[in-house]
Amino acid sequence: MNKTKAFHIYLFSAFVPAWILQICAGFFYQSSGANLFYTVLLLLAMYSPFLGVLTAKMPLKDMGWQIHLKDKKWLFFLTAWFLPVILAVLGAAIYFLIKPQAFDSNASYLMSQYTGEQSADLKAQGLTPQVLAYLSVISAMTYAPFINMLFALGEEVGWRGFMHTYLKEKYGPKKGIIYSGLIWGVWHWPIMLFGYEYGTDYWGYPVLGGLLFLVFTVCFGILLDWIFVRTGSIWGPSLMHGSANAAVFGLYFLNAAFKDDLIFGPLPIGLLGGIPLLLFSLYLYYNIYFKTNR
């Protein structure tokens, strides 16, 4: 099978099951919030790119399943772990500096995500909003990225392991990595129609959110590809992806009154919260694809 045909099979297998699962998850979310079924469906969707690679009968052996820490590869694994944390903190800081009224040390937005019964259970356990927020921060900086990594692997085998490599070979590295990021972003669109990432009450819904998320996936895709190359292992971008999914610090200190302001921040997917990611990805893109030869 030639690579172009395999790529088309991959896209079909990566998108169709994921979009069906996302739409089902979206209806669950609309009817009863972020319940167990919603979470499970989205986690299953994360493995559809892996399914796409298998369906297209693309080899898995060259994706770097073994972890090697020599030749400073350990440094890039650490970068994969902590760089998303640093970018998330900087992005949240920019957002809250520009919109100080959005900051709430009582974690009102975080608490608004729990039902009345859940909130009562937390209080009975002595978990105040502040304690819960700080525990969430600690978990996001320690073990949560490694748990998330196991689910992010399902995406990374497809996006970085196969699609990035194919598109960079076909269109050249400069264009290929942009096209790859755009495809990855579009893959998320169905669940975003139900309010995932930005909600539904912002100006320009759903077009503005969909386009802004493409900027995020292109920028973050540059970082993930960089880590994939530098670590020589699919576990590198999987860890970085998992760390980014855990590094939602800004939401822990967001005022609930600003729940419809997520298009701006405080997460890196927002217009303000994403400034550090945008700048760093542009720096990488220039240095990798223009200033030096990789």
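From the backbone N, Cα and C atoms, a Cβ is placed for every residue, glycine too.
Heads up, TrEMBL stuff is auto-annotated, nobody curated it.
Residues or ranges marked as transmembrane segment by TrEMBL: 7-29 (among others). Remote same-chain partners of the transmembrane segment (7-29), defined as residues 6 or more beyond its termini with a Cβ less than 8 Å from a stretch Cβ, comprise 1, 35, 37-38, 41-42, 44-45, 48-49, 51-56, 58, 158, 162-163, 166, 183, 187-188, 190-191, 193-196.
Per TrEMBL, transmembrane segment is recorded for 35-54 (among others).
Sequence-distant contacts of the transmembrane segment (74-98) (same chain, at least 6 residues past either end, Cβ-Cβ under 8 Å): 67, 140-141, 145, 223, 227, 230-231, 235-237, 239-240, 243-244, 246-250, 253, 264-268, 270, 272-277, 280. The annotation transmembrane segment is assigned in TrEMBL to 74-98 (among others).
Here TrEMBL flags 131-155 (among others) as transmembrane segment.
Annotated domain 'CAAX prenyl protease 2/Lysostaphin resistance protein A-like' per TrEMBL: 144-246, in sequence order. Across the domain 'CAAX prenyl protease 2/Lysostaphin resistance protein A-like' (144-246), the DSSP tally of helix, strand and coil residues reads 83 helix, 0 strand, 20 coil.
For the transmembrane segment (176-196), the list of distant contacts is 11, 14-15, 18-19, 22-23, 25-27, 29-30, 42, 45, 49, 159, 163-164, 166-170, 206, 209-210, 213-214, 216-222, 225, 285, 289: same-chain residues at least six beyond its ends, Cβ to Cβ under 8 Å. TrEMBL lists 176-196 (among others) with the feature transmembrane segment.
If you look up TrEMBL, you'll see 202-227 (among others) marked as transmembrane segment.
Using a Cβ-Cβ cut-off under 8 Å and counting only residues 6 or more beyond its ends in the same chain, the transmembrane segment (239-258) has close neighbours at 77, 79-85, 87-89, 91-92, 95-96, 99, 101-105, 107-112, 133, 136-137, 139-140, 144-152, 155-156, 220, 223-224, 227, 265-268, 273. The transmembrane segment annotation in TrEMBL covers 239-258 (among others).
Feature annotation from TrEMBL assigns transmembrane segment to 264-286 (among others).
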